[in-house]
Amino acid sequence: MKTSIATVSISGALDAKLQAIAAAGFAGAEIFENDLLSSHLSAKEIGAMMRDLGLACTMFQPFRDLEGLPEPQRARAFDRLERKFDVMADLGTDLVLVCSSCSPLADGDRERTIADLVEAGERAARRGMRLGYEALAWGRHVADHREAWSIVRDADHSAVGLVLDSFHSLARRIPASSIGDIRADKLFIVQVADAPMLEMDYLGWSRHFRCMPGQGEFPLDDWAEAIRRIGYDGYWSLEIFNDRFRAGSASQVAVDGYRSLRMLEGGIERPAAAAVELPPRISTTGVEFIEFAASHEEADELGAMLRPLGFRPTARHRNKDVTRWTQGALNLVINCEPEGLAHSFDVVHGASVCAIGLAVPDVPAALARADLLRIQRYEQAVAPDEWPIPSVRGVGGSLLYLVDAATRAAMWAHEFPHPLEPTGPALLTGFDHVAQTMQSEEFLSWLLFYLGLLDMRKTPQVEIADPMGLVLSQAVETPGREVRFTLNGSLAHQSLSSRFIQNYFGAGVQHIAFACPDIFAAADAAIALEVDRLEIPRNYYDDLEARWGLDPELVERMAARGILYDRDGEAEYFQFYTRAFARRVFFEVVERRDYAGYGAINAPIRLAAQARHKPPFLD
Ligand SMILES: O=C(O)c1ccc(O)c(O)c1
Ligand SMILES: [Mg+2]
């Protein structure tokens, strides 16, 4: 796939944008006119810079309101176009994007439109240039790529072609089958954007809500497949108007963009027919372990929270200050080493989750996928007798270890040979989900990370009311729901999530939810060992009884244990929470009875209960 991105997609000054675009691995970039107008560099200098960076200038854009004008506006538009050809020559591109007209002066007569495009094509051809006609979804007379294509086809001029932009076509829900009529040699460039499905005006939706392929809800796989099928082999160019991206880091947005095009190439939701030679997304069968970085003091505190939940320290590392805590098939690792990544993590963030081990069947394939997406591998020094576990950088600089079956067996037996206590009764049977909290600016980036690397699907985004602001929440899940992450992005500075980020000095794991087959048994055992649990107000239970018509006795049993409840049809969800450890990480225990969600309805109750416990220094 030939990759390109419009400079409008990225923050900063034009020269900095181009550097970020080149560093992320793109082959080309579209120069957005406003970026050039506001640059201190001339078009010639930008052109030279692009050549030095190895970037093709794929298009100059946009040229607005060309066709259907009365005189004298028409003559002026053509003069303006000639001037742009000079700029394009300096930039080193032969292609200009012409948007379908939005001018109230434009006449919608089809023959006039064709005649104007032919005239423009003649002028372009004289200068060795070409123009690509794009139907804006809010164009005054041409707002549909089918209409734009029929005009381009009938104009029948070698310098006049079509620009397809997924936003305009998919916002209008134009079927991908309509692309089959387009001739590949007439499709001059393809612009790509995803977006959430919203009910709003096209212009506002397009200018503020576009996102990278995979981050939104447009059916891009079918659309891209239809374009490949006609034999198109030109550039796929991201064009993402989004205020959040323009407020973010240029290099991160550029890398995300590159990653998203690679995802599109291989298929976002299902493998693309054309992508056989690309490393596919990784299947993962479970969370093998979660590792905490902690000082000894913090490790004691953490241990005191884990025991009531049924965990015991069962083994010690052969030569490191690292303890394995287990329960049934669940593994937690507490790392108190005075050096290495875990220690650095503890110094920066305080006691927290520094790594997650994912069970994957094929580690080399996983690393190949990570490389394709430019996800950073993490290589740490391994002593000669140590078992190396490959890893990549995840949320907040934490690691995602990739653990295959051979490593799993060797890792525990070889690295943790010194037994400590026997295991207790297994109350909890698995990791249900891991919740990670981040700034809202990073939210879409991490969504793309998980969806690109792992064979996971996203659930719809929900907004959760925190006592001090809104939090965006969205889950990613493996097809069999063996691994689930929930991502939470705070939209308000005072929300509990934001306080977490401030307190944590960055994004990270805010809670770990364990699965159990009997929540009452798990809660009773935890309470018997004096678990520090989150108290839920009585009002909640009065409402619960009224809302679901639950047996009052069941409601009393839940109230006595601080268990929250949700229901979806016949499916039921029970959950309880511990208080936060080191003011950062807390634990949840859930029992699912065919329930697929995360109890979002209870999140405001939980957040308010946590806010009541907030440590005084955070005020
Ligand atoms: O919003 C716009 O004006 C605009 C400009 C150029 C494009 O390619 C586009 O899709 C939209
Ligand atoms: Mg466009």
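Glycine too: its Cβ is placed from the backbone N, Cα and C atoms.
Positions annotated as divalent metal cation binding site by TrEMBL: Glu134, Asp165, Gln191, Glu239. The secondary structure of Asp165 (divalent metal cation binding site), as reduced to three states from DSSP, is extended strand. Within 10 Å of the Cβ of Asp165 (divalent metal cation binding site) there are 24 other Cβ atoms, across all protein chains.
Per TrEMBL, Mg(2+) binding site is recorded for His433, His511, Glu588. Listed in sequence order, the residues of the same chain lying 6 or more apart from Glu588 (Mg(2+) binding site) and placing their CB within less than 8 Å of its CB are Asp432, His511, Ile512, Ala513, Phe514, Gln575, Phe576, Tyr577, Thr578.
According to TrEMBL, the domain 'VOC' annotation covers 430-579.
Proximity to ligand 2 (Cβ under 6 Å from any of its atoms) holds for none of the binding-site residues His433, His511, Glu588. A count of other CB atoms within 10 A of each Cβ picks out Glu239 as the most crowded of the binding-site residues Glu134, Glu239.
Reduced to three states, the DSSP call for Glu239 (divalent metal cation binding site) is coil. Under a cutoff of 8 A between CB atoms, and with a sequence separation of 6+ in the same chain, the neighbours of His433 (Mg(2+) binding site) are Ala475, Arg484, Phe485, Thr486, Ala513, Tyr598. Within the same chain, the residues at least 6 positions away from Gln191 (divalent metal cation binding site) whose Cβ sits under 8 Å from its Cβ are Ala6, Glu134, Val163, Leu164, Asp165, Ser166, Phe167, Ser237, Leu238, Glu239, listed in sequence order.
A Cβ distance below 6 Å to any atom of ligand 1 is met, among the binding-site residues Asp165, His433, His511, Glu588, by Asp165.
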